[in-house]
Amino acid sequence: MGGPRASGIGSTAGVTRPQRGGESPPGAREERRGSGPGTGKRGAGRGHDLGAGCAQGAVSVCGSCCNRGCAGARRGVSRAAGGRSRARIMRPDDANIAGNVHGGTVLKMIEEAGAIISTRHCNSGQGEPCVAALARVERTDFLSPMCIGEVANVSAEITYTSKHSVEVQVNVMSENILTGAKKVTNKATLWYVPLSLKNVNKVVEVPPIQYVHKEQEDEGRKRYEEQKLDRLETKQRNGDVILPVINPEPHTVGYSQSSLIHLVGPSDCTLLGFVHGGVTMKLMDEVAGIVAARHCKTNIVTASVDAINFHEKIKKGSVITISGRMTFTSNKSMEIEVFVDADPFVDEPQERYRAVSAFFTYVSLSKEGKPLPVPQLLTESEEEKRRFEEGKGRYLQTKAKRQAQMQQAAQH
């Protein structure tokens, strides 16, 4: 990702990494959002704590490492040893009115984990100090809902590094502390680039990780090239704007389209003064949820997020407009396009620009949590019809891929 501009902060560990002279391998660690004594300096008001890591070397955020073993060890990536973890209970302000945790809340926790592990790794060598910035989140499926009162466990590990980027795999597990039942709720892949603390426009080199098998590196390089190409294609087609519609009919694009305006403050930003990727994703999920709720008038939950591309950094003091519109509906799902435009109005001559873009998929649920039929989207203009067909293509492609994976799993 040689030099893409991005948004977010980072963190690192979870791999065997280059050592400074006479230094023993540092343990992998975790960042926790908890309450009570022991909360660290970072996020003192919200209960963040930096501790040691899990035995497999993955970073654990808001929870303990999955007791099924570290995925990185299974994939053949070398890792460091480590220590402890914590957990965080999902509270009412994390969820919607039905008690389901917001997809944006989960995405924010995922990004925090990736940010910590990638920044730590990028500062493990002899290079200049840097902060890892989020550049892309691959497609993320919400495998099962998380509810108020459950414990969120988030673990992260580095699975590939190129000269200027880091790939991080993050797993989210929820635990019912009354019954002890655990389930995997999310698996995500994030890409970060390290930006120099001295010159925010400079992308520094990433210390390489060690692979047990060369195949692991080859597969990682293939994923790197694929996401790099997709980022370029997505940026080239990002020119759309959402205009208000007067007296729109129900179930049309104009009826449910929504926007949110947010002034970027210090609490939204990284050490470099740019918006955390997790903050941006949470706002995007809020807007997408409003669009989905307006369309079907029921309880809605995030089902998946297509690749989120961070095209440009968003600076502190900017005013950002998060806009969403429905592009496609199937019988039981809705695809919503969301993009973020930034206006840097404080001592900045730069004009408004497109910073982030993504597609969110939502499903409609009954009061009992059962899937409900989704009203068909009524397309009016040729542009809306074109976007509908493109969304249908993405839907069918994802459906075919999921069926292939299920068949492959059944054969094993």
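Keep in mind that glycine also has a Cβ here, set from the backbone N, Cα and C atoms.
Going by TrEMBL, these are the annotated features:
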- 1-45: region 'Disordered' (REGION)
- 80-198: domain 'HotDog ACOT-type' (DOMAIN)
- Asn96: active site (ACT_SITE)
- 254-368: domain 'HotDog ACOT-type' (DOMAIN)
- Asp285: active site (ACT_SITE)
- 371-412: region 'Disordered' (REGION)
- 383-393: compositional bias 'Basic and acidic residues' (COMPBIAS)
- 403-412: compositional bias 'Low complexity' (COMPBIAS)
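For the pair formed by Asp285 (active site) and Asn96 (active site), distance between Cα atoms is given as 12 Å, rounded to the nearest Å. Note on the domain 'HotDog ACOT-type' (80-198): mean pLDDT across this stretch is 90. Counted within 10 Å of its Cβ, the other Cβ atoms near Asp285 (active site) come to 26, all protein chains included. Cβ-based neighbour count (10 Å, all protein chains) for Asn96 (active site) stands at 17.
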